[in-house]
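As recorded in TrEMBL, the features of this protein are as follows:
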REGION    1-43  region 'Disordered'
COMPBIAS  25-36  compositional bias 'Basic and acidic residues'
DOMAIN    145-255  domain 'Fe2OG dioxygenase'
BINDING   His163, Asp165, His223  Fe cation binding site
Amino acid sequence: MSQPSTQPFDLCPNYQESTKAKTTIPREQKKRKAEESSTEAASVQHLRPGMVLLKGFVKPEDQIGMVSMCRQLGKGLGGFYRPSLKNGAKLNLWMMSLGKNWDPTARSYGPTRPFDGAQAPTIPDAFKMIAQTANSTASEFPQINPDICIVNYYTNSGKLGLHQDKDESESSLTKGLPFISISIGDTAEFMFGDTRDKDQATKINLESGDILILGGESRLLFHGVSHVKTNTAPSWLKEETGIRPGRINLTFRQY
């Protein structure tokens, strides 16, 4: 099996150009644009027992900060790589594990990546705070102390088939502790259902700033991404960060 590439992957290759462009636009005007592009207050949508969607929950300035931090971490040791499955096929995304490394081949967690020995970077406190605030806002779930954050970057051709997140500890799964999923960038068509049959799956749009939480009865729900919608990221996010076209997904869990 071929080893994943460990060449640094830059999430925001246009960052320098973006920074230069910002100097021509007053800061207050930028701030107004961000505020006008965001929802005034996040809406809480209960999609089914154990599944809650917080629309527009992550503030624009926090989205910008998360992209910047993901870029920084992603270029360093333990940063983004394109993972492979047991059969050698590569996943249609770039991945980085924070807190603990997740090995998609062995479907297990550990402190380091087996293919290069890199240690999983620490989860930034600011990331944890956003996830835990969302956890409290949803109210129907027990509070978690996330020690795992899997960051996936999908290009506009990226997708992920229906699957269950069930590699956490038996205690975590038995208690139905939630996982908390944050979307940033282009809109994704997210699918979910009680089986792996994609024709029977329900589909919803996850937009930049949305947070989806699955726990309790829905903790082992099948879910995936059917496709990413081109040119749907907020203009202010692209302008401020130089982010590549596509979508970042950060999923927080407690092992």
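Each position is counted from 1, following the chain as shown.
Cβ from N, Cα, C; glycine included.
Bear in mind that TrEMBL entries carry predicted annotations, made automatically and left uncurated.
Compute the center of the Cβ atoms of His163, Asp165, His223, which mark the site for Fe cation; besides them, the chain residues with Cβ within 8 Å of that center are Leu162, Gln164, Leu221, Phe222, Gly224. Counting other Cβ atoms within 10 Å of each Cβ, the binding-site residues His163, His223 show the lowest value at His163. Per-residue pLDDT, averaged over the domain 'Fe2OG dioxygenase' (145-255), rounds to 97. Across the domain 'Fe2OG dioxygenase' (145-255), DSSP classifies residues as 18 helix, 47 strand, 46 coil.
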